[in-house]
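J.: Have a look at the structure that comes next, please.
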Amino acid sequence: MKLFYLILFCAIFLTVSADLDNMQDTCPTAPGEQSIFFINGYPCKNPTQVNAQDFKSTKLTVAGDTDNYLQSNVTMLTASEFPGLNTLGLSVSRTDLERDGSVPLHSHPRSSELLFVASGVVFAGFVDTNDKIFQTVLRKGDVFVFPKGLLHFCLSGGFERATALSFYNSQNPGVVNIGGVFGIDQERMVNITRSLVTDRDEL
């Protein structure tokens, strides 16, 4: 009898977990529907109303406002801002860093991040669960990966403005800002982040 229940449990588990891929080609986010339905994702737009503009965004063509203490700006596009991303398990962001700009320690609980440097020099790194720091200097065209859920950071590493694009394997990666969680002010967070850099000459 126990074997029967074990087989039944496995069959139900496989049935429930089998459908991890899309059930249709596309599912652009339906405007205004997210506040009505509570589901894991967003309701789909009526297929008869889907058009090419649902899969295009110009929101990353303009540099973000870096006139702030961090001298940086991260513009994130998820399925809520970019309808065509819905159900595809993808999102994208643009990071603009001034000469002394920084994106202090933070993590994305639902996604890994692939960072591509479009211009300038960026010093980037992450901390693994053994408290080991992996860090490097990135120049135009370089790519670096931040594994899912791990603390990571970016600093301007040159004498000019830097721009990087990030790609995430989640339509809503989420962001956990360590400073916000523990009530640490931005100045201290920047100092903590910069203290991780082993080769000060790189900055």
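Quick reminder: no glycine exception, Cβ is built from N, Cα and C everywhere.
The feature signal peptide is assigned by TrEMBL to 1-18. Residues or ranges marked as disulfide bond in TrEMBL: C27-C44. Annotated domain 'Cupin type-1' per TrEMBL: 58-190, in sequence order. Under the heading Mn(2+) binding site, TrEMBL lists H106, H108, E113, H152. Under the heading oxalate binding site, TrEMBL lists H108, E113.
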J.: Neighbourhood of the Mn(2+) site (H106, H108, E113, H152): other residues with Cβ within 8 Å of the Cβ centroid, in order?
T.: S107, S111, F126, F146, L150, L151, P173, V175
J.: Could you tell me which of these recorded positions, C44, H152, has the fewest other Cβ atoms within 10 Å of its Cβ?
T.: C44
J.: Nearest to C27 (disulfide bond) by Cα, among H106, E113, H152 (binding-site residues)?
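T.: Comparing Cα positions, the closest of these binding-site residues turns out to be E113.
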J.: Measuring Cα to Cα, how far is C44 (disulfide bond) from H106 (Mn(2+) binding site) in Å?
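T.: Each residue's Cα considered, C44 (disulfide bond) and H106 (Mn(2+) binding site) end up 31 Å apart.
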J.: Can you break down the domain 'Cupin type-1' (58-190) into helix, strand and coil residue counts using DSSP?
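T.: Split into helix, strand and coil, the domain 'Cupin type-1' (58-190) gives 13 helix, 59 strand, 61 coil.
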J.: So what sits near E113 (Mn(2+) binding site) in its own chain, CB-to-CB under 8 Å and at least six residues off in sequence?
T.: V145, F146, H152, S166, F167, Y168, P173
J.: Counting only residues 6+ away in sequence within the same chain, which have a CB under 8 Å from the CB of H106 (Mn(2+) binding site)?
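T.: Sequence-distant Cβ neighbours: L151, H152, F153, V175, V176, N177, I178.
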